[in-house]
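Heads up, the thing below is written out as structure tokens.
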Amino acid sequence: MLGGSAGTRGGEAEGDGAGAVGAVAPPPAIDFPAEVSDPKYDESDVPAELQVLKEPLQQPAFPFAVANQLLLVSLLEHLSHVHEPNPLRSRQVFKLLCQTFIKMGLLSSFTCSDEFSSLRLHHNRAITHLMRSARERVRQDPCADNSHIQKIRSREVALEAQTSRYLNEFEELSILGKGGYGRVYKVRNKLDGQYYAIKKILIKGATKTDCMKVLREVKVLAGLQHPNIVGYHTAWIEHVHVHVQADRVPIQLPSLEVLSDQEEDRDQYGVKNDASSSSSIIFAEFSPEKEKSSDECAVESQNNKLVNYTTNLVVRDTGEFESSTERQENGSIVERQLLFGHNSDVEEDFTSAEESSEEDLSALRHTEVQYHLMLHIQMQLCELSLWDWIAERNRRSRECVDESACPYVMVSVATKIFQELVEGVFYIHNMGIVHRDLKPRNIFLHGPDQQVKIGDFGLACADIIQKNAARTSRNGERAPTHTSRVGTCLYASPEQLEGSEYDAKSDMYSVGVILLELFQPFGTEMERAEVLTGVRAGRIPDSLSKRCPAQAKYVQLLTRRNASQRPSALQLLQSELFQNSAHVNLTLQMKIIEQEREIEELKKQLSLLSQARGVRSDRRDGELPA
């Protein structure tokens, strides 16, 4: 038998080792009987839970899940409030419980941080509501049928509205755009009546490191205060529940035939269905490269408005249908039906002989409700982008004959826009931040004077998205991924497209392409795509070189393949591009900074002198006779 033979071999090995050394092992203090293999019993009629264990019981491995740990922390905080009404002592009890669970290895200190206090508040409200509903149900009639389950589910949307800051405080008006890492919505604050832009980023499968990186970068963005940077107001995190099918099996439905590959790759929340995305942060919508591959990597339509409507019909286990809509490019309404697997907590009969057979049902993968984090970033509303301005300039340039009669083509206007852009880039580079996705769509013109505002910073956690995002197409071939190539094709530097390391000089390449587009009107989109693509090979339009030689020179310098040879934002501000006006402004800014430092130093010296004088006066008062 295996157990006996293994023990015999082990004894022979020990004996050989002892003989080689020449030492005799001392007799054991307690002589235990030799272990033999367990006798075999006929357990065919014994329930599985009562059968004899033949191996040590393996403890289940609990994978680190931020959402689960946040819920556990919220439960601890809720219990602390229930058992200790005093707010101060309740807070102390909560901290003590967290420390205890951290020592036991059940929690991470990260999930107990104050950054998630608002999220825990939402959990506590939901827990309170759930307890009240359960208590009312038990008090009414505990022996009734399961019809109350449908009532509880019908309250899910209302409960989400009660615990959502976004739904409570803001009225969503329209969608402004789809970025690489989320969607931006135009909203109105219900309290002050002002309009804002809120970017919603769906975080899927977040780990501790990922969440810390997101929070750290949000804090960095909050510290950016500059006239040429989109104003940042606040940020918060909420829980959202998304119905995701683990491994979707293609079902032959007529409604699925009209769906494109791009639409079929995401569900109603824009969550990717690729299996490799489970171990990394996944943001709503597709990656920038996949999103822009059909427009900005080739030819981009000026009137390109991505609006889709798709109807998702979700079969609930009670037989009800839940519908959600999303617009499609051609404006048509399409339907997609997903059959949800049964919930283990609720007994149900989920068979239908008319619509599908048992074999079809067994082929479907179970669908689970996953809870993800949604990051909300409230920003200043800027509706006019530089892309819109350039498109209008190109249209008017075809109509205007005299440049003086067409301010959109005037060099002075383009120079003013480019100067403010470079000043904003100089500021963020001075703060140690690389934008990584500078393009006309991410640059805005605000107010009547059309002040330049740089926005839509590509979060560095986008690198986390791309680590394991090796998507696979339908036919099994590897789909193009972005990896570390963050940016849009026409404006991204060569090192970004090659996936190598990049720094602030990568932003300067994008600045060079934007400089060319500001001073070179295009008649067609094909012409624009050809010219901007030719810049990579060092080809500058002859018309630009003749009309604006200084701008053409710096376009050539900024788009060099060697990143170290590109001028910095500071060098641009000190160049002849702005006829020394930028240099004067920069000098004044540096003087103001120096003066502020001197003022701070003088304040410190004055405070020290006042303290010294106070000590001297006290000593003198002590020496005076009574």
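Numbers run from 1 along the shown chain.
Just so it is clear, glycine is given a Cβ too, placed from its N, Cα and C backbone atoms.
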In Swiss-Prot, which of 88-107, 368-387, 508-527 is tagged motif 'SIFI-degron'?
88-107
Pick from 1-37, 149-185, 445-481, 556-592: which range has region 'Disordered' per Swiss-Prot?
1-37
At the level of the C-alpha atoms, what whole-angstrom distance separates Val184 (ATP binding site) and His83 (site 'Heme-binding')?
42
Would you count the other CB atoms within 10 A of the CB of Lys178 (ATP binding site), including those on all shown protein chains?
18
Cα distance (Å, whole number) from His83 (site 'Heme-binding') to Lys178 (ATP binding site):
46
Can you work out the mean pLDDT of the predicted model over the repeat 'HRM 2' (547-552)?
89
Return the count of C-beta atoms lying within 10 angstroms of the C-beta of Leu176 (ATP binding site), excluding that atom itself.
18
Return the count of C-beta atoms lying within 10 angstroms of the C-beta of Val184 (ATP binding site), excluding that atom itself.
19
Around the C-beta of His83 (site 'Heme-binding'), how many further C-beta atoms are within 10 angstroms, looking at every protein chain?
10
